[in-house]
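Right, one structure below, let's go through it.
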Amino acid sequence: MTNRVVLAYSGGLDTSVAIPYLAKMTGGEVVAVSLDLGQGGEDMESVRQRALDCGAVESIVIDAKDEFANDYCLPTIKANGMYMKQYPLVSAISRPLIVKHLVEAAKKHGGTHVSHGCTGKGNDQVRFEVGFRNLAPELQIIAPARDYAWTRDKAIAFAEEINLPIEQSKKSPFSIDQNVWGRAVETGFLEDLWNPPTKDLYSYTEDPALGNAPDEIIISFKAGVPVAIDGRPVTVLEAIEEMNRRAGAQGIGRLDMVEDRLVGIKSREVYEAPGAIALITAHQAMEDVTIERELARYKRGIDARWSEEVYDGLWYAPLKRSLDAFIENTQEHVTGDIRMVMHAGKCTVNGRRSEHSLYDFDLATYDTGDTFDQTLAKGFVELHGLSSKISNKRDREAQ
């Protein structure tokens with residue numbers, strides 16, 4: 001039986017180099033699978049053709065934009081998904097979807113192996129391989145960039161040596177990953193933490209200092225799902241795309257951070273995620289109005305744990321599924337409208353309304369006629385601090 005390797009193909013340096021290498025190593029055939037996740041830029045037909053030019057026997061392009069938005073971006077919105085309270089999981093949420101389609105392609109096209117172009121330093125190797133082992137443990141996994149110690153310089157030199165049709169060169173050494181949820185840039189001069197990002201690094205966002213006129217917007221939610229923008233019904237994908245355009249024009253969603261990778265090292269990453277940041281900001285504001293205090297407090301911890309699970313490549317793990325169920329249950333009343341102003345790199349919420357709101361004006365107002373019984377407060381304060389009062393009394397007496 002001829003070996004057949006199903007490769008997660010991006011069209012970039014690492015996976016283009018992987019095609020002839022995999023064919024040589026296995027003595028078999030390579031099937032390239034590329035997903036359209038709304039990354040824009042290069043036409044997907046060009047990507048498909050490049051894989052064939054690099055030696056793939058088949059090259060498959062799958063339009064997965066709506067699936068990505070509905071099944072991966074939307075759960076991230078509901079979970080207010082931010083790793084280290086900053087990173088909206090741009091690459092992390094795309095990997096389990098790519099894994100899903102690679103496994104399906106392997107079953108359909110007689111694949112014996114699956115492969116990716118990730119190095120041994122990154123998180124993506126974990127996300128891919130844990131996913132493969134969860135969904136199709138019978139498939140063998142090959143990671144040529146990691147297992148054969150390919151550095152970027154070696155990969156570029158090899159590509160030039162055999163005239164692989166790739167755009168990357170020694171003058172442009174960045175690793176870029178992008179989809180409709182955002183864009184990630186790493187390596188190159190960014191590896192020196194003191195070097196500031198240059199303007200040409202950014203693609204999804206305008207310079208926040210340009211001084212574009214403020215953009216006021218109303219985002220409507222139904223059970224945690226963005227369903228309308230300025231009163232116009234939208235799908236989840238359309239909501240992300242529109243917010244990418246409008247928030248991106250205001251320079252929203254730029255992030256330069258040093259993150260703690262799963263493999264134990266720290267890595268500098270530059271992200272752009274205008275739509276993600278704007279939608280999560282609005283969703284969080286809607287939750288603040290509609291979710292009860294103790295549930296909201298607990299959910300913040302669940303959201304953080306959910307983000308860690310996803311970042312760590314555990315999308316298909318039992319804990320992640322259980323966290324999904326909890327988060328989904330909290331979204332029942334997350335319905336209403338959020339108005340916010342986007343300007344100079346910031347989203348500022350300035351209006352909230354919901355038929356499910358827990359905000360009671362008569363209780364909250366300080367004007368005459370409020371219904372809050374302040375006579376209850378004195379006893380509440382005494383009881384609230386009673387245990388710490390007793391503990392401190394004991395400690396003073398013991399001194």
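Backbone N, Cα and C define each Cβ position, glycine as well.
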Residue from Gly117, Gly120, Gly122 that Swiss-Prot also lists as binding ATP with Ala8, Tyr9, Ser10, Gly11, Gly12, Leu13, Asp14, Thr15, Ser16: Gly117
Inter-residue Cα distance where the pair is Ala8 (ATP binding site) and Arg127 (L-citrulline binding site), in Å: 13
Candidate with sparsest Cβ neighbourhood (10 Å radius) among Ser10, Ser175, the listed binding-site residues: Ser175
Additional residues around ATP, ordered along the sequence, whose Cβ is within 8 Å of the centroid of Ala8, Tyr9, Ser10, Gly11, Gly12, Leu13, Asp14, Thr15, Ser16, Gly117: Val17, Ala18
Rounded distance in angstrom between the Cα atoms of Thr119 (L-aspartate binding site) and Glu259 (L-citrulline binding site): 17
Least buried by Cβ count (within 10 Å) of the binding-site residues Asp14, Asp124, Glu259: Glu259
Lowest local Cβ density (other Cβ within 10 Å) among binding-site residues: Tyr87, Tyr271: Tyr87
